Amino acid sequence: MPAQTARNDGPTDDRQNHAHISPNVWLLVVVTALALLLGLHLVASIGGGDMPVVVSMLNSYSGWAAAASGFLLGNDLLIITGALIGSSGAYLSYIMCKAMNRSFLSVIAGGFGATASSAATVEGEHREIDAAGVAELLADARSVVITPGYGMASRRPSTRSRT
């Protein structure tokens, strides 16, 4: 019977037997964690009325990230689609800020530096109107803009509201 010989399929050095994680993987993990923390920090302080602007802004950021990936990979299609998504998200954020009469930076800052007022100032006088009066006003108007959800955006429901 032949003698059994030991097989040596791998390195005998203990240092080479341990799993080695590439520095590129560590860099990816660190950058992902930083992006997560930055995203949470930017979005956490923004009120509910401004959230549609934030969603379109984040959509814009994803487009710019895709375009940057396209440059790194040399993929023209990824560059073009990323630029389209990024620019359309940025333009939509701009339009929504204009519609709410707010600046983009004040929306992104989330009320940072704003002072709380103890009482709101009332401008004009309150007039009650019935359905027939509303119908007459709408019939006489040259143009009417219906903005779904604008009442919530102008009221800022993330703040304390009276019932």
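Cβ coordinates are placed from backbone N, Cα and C, and glycine is handled just like the others.
All annotation found in TrEMBL is predicted automatically rather than curated by experts.
The domain 'NADP transhydrogenase beta-like' annotation in TrEMBL covers 23-154. DSSP labels the residues of the domain 'NADP transhydrogenase beta-like' (23-154) in these numbers: 93 helix, 0 strand, 39 coil.
Taken from TrEMBL, the feature transmembrane segment applies to 25-44 (among others).
Taken from TrEMBL, the feature transmembrane segment covers 64-92 (among others).
Here the domain 'NADP transhydrogenase beta-like' (23-154) returns a mean pLDDT of 83 for the predicted model.
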